[in-house]
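TrEMBL has this to say about the protein:
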type	residues	note
DOMAIN	1-370	domain 'Myotubularin phosphatase'
BINDING	Asn147, Ile148, Cys207, Ser208, Asp209, Gly210, Trp211, Asp212, Arg213	substrate binding site
ACT_SITE	Cys207	active site, phosphocysteine intermediate
COILED	419-487	coiled coil
Amino acid sequence: KLQLQYQQQKQYLFKFLDNENGELCNSYPNLIVVPKRLKDEEITSIKQFRSRQRIPVLSYGFKNTKKNNQITTLWRCAQCLSGILSRNLQDEQLFKYIGQTSKQNINVHIYDARPQINALVNRVQGKGYENTDYYDNCQLIFLGIHNIHKMRYSYIEMQKATREIDQKQYLINIQLTSWLEHIQGIFSGINRIVNSLIQGINVVVHCSDGWDRTAQLVSLSQILIDPYYRTIKGFQSLVDKEWICFGHQFFHRLGHGQKNIEGEFSPIFIQFLDCVHQIILQFPLSFEFNQIFLVDIAFHLYSCKFGNFLCNNYQQMKYNQVFEETDSLWVFLNNQKEKYLNPFYLNGVIDDILIVDISINNFKVWEQYFFCYHKELLDKYNIFQDKCKFNQQIFNLFIFIFNKRDNIYELHTQQIQQNQRLSKEIMQKNKQLEDFERMKKQNKELIEIVKIYENILDQQNLNFNDIQKYKSELEKFANKIKQNQLQEEYEIIEKKQ
């Protein structure tokens, strides 16, 4: 169930809309979720204001523990048809409904995946982006991710660079493809989206039509936020929801059966899988599945053995009876699940939310995909074999160390405290030793003074009683010196002198 209950007000914030026959939008799934307060007549108006009738709909929502369990939401849509001057009051009202759960002054961040110059060109053509002068408490942010044509060119060049026999120019050729730079740009946007959600700000994501870059951004954001989507079952449901049901143009983007694929072909989903591979490299303990799982999905994108990726949207799949006439890739993969398990996966131990380091040197060529026919380069140590003893031993050792981490940390803390205490004791002992040496020196000097006085008394023409009296006082004085009562006795000596 996608309905979320607002605990404080005890009422539903969202409602389902029936899109069984694609009446609301022919590229959306059977059921979509919108704010409960949104009226039918408002929906009709908003449909005409959004490209391809792809109105803002709920993609993901969660209770934000960092913001007192407030409901924080992620939405997706297509660009608005605002042109230069036009606006839509119902669309503006919808964004107020979207921001209702946030307590921030700016309660909605609108992330436009396109470079701003591209959005401006679309605006001249009658399309465009939201004018925040009319959208209260909203902030518009452009992410600068390039379109399908740039990605297609980069992908083709990447294939050439990785299959080139002469490897002398390999690194230069990889750099010239800009493939990793595009990956970096996508993650730069994803980190911004995730940070907005963590801060309790609701997020709306769109590009042009809302089925390419938008699908990448919302699905990868959910992988970083929710550990469920890092499991095999969760990842499959994410692909079903954000890519298949919400209308990524698989038939056009993959070029199935098309003679001329230059116009619409683009490796958007392959790029998404590559991004998941990059996250796995940075967080190898956070995923239930390994890279072979991703490679097999990538392979069957083009094998046409399964129905998952044959059509452009859910409504086409229904019309062509794909569910009845074809097999599901997920069933095939789940029947050999052990092949895809990550032996280093630590479920429920690693932090829930991941933030990717977007330094360019952290992004690597996806060898398992781009070098998939160079078998000698891959899995040299059989890391992903089902019964790898080396793997199991290392994994068991890691689990043992990881489980002992709290004890190790406690012992480390105790050792630091003990070292600090010993340091203080050593400093005190050194100070006492210095005081003792100083007093010893003073005692030695005073004893010399006493001997001098004794000689003086012996040489004086005094009667016996006076001499005994002075000697008695000096003996007492010497004893007191030994007892460290030096200052008082020293003053007595001065007076007697």
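The backbone N, Cα and C atoms fix where each Cβ goes, glycine too.
All TrEMBL annotations are machine predictions without curation.
Mean model confidence of the coiled coil (419-487) amounts to 72 (pLDDT, 0 to 100 scale). Note: the substrate site is recorded as Asn147, Ile148, Cys207, Ser208, Asp209, Gly210, Trp211, Asp212, Arg213; in the same chain, Ala113, Thr214 also have Cβ atoms within 8 Å of that site's Cβ centroid. Sorting the binding-site residues Asn147, Asp209, Arg213 by the number of other Cβ atoms within 10 Å puts Arg213 first. Following the DSSP three-state reduction, the secondary structure of Arg213 (substrate binding site) is helix.
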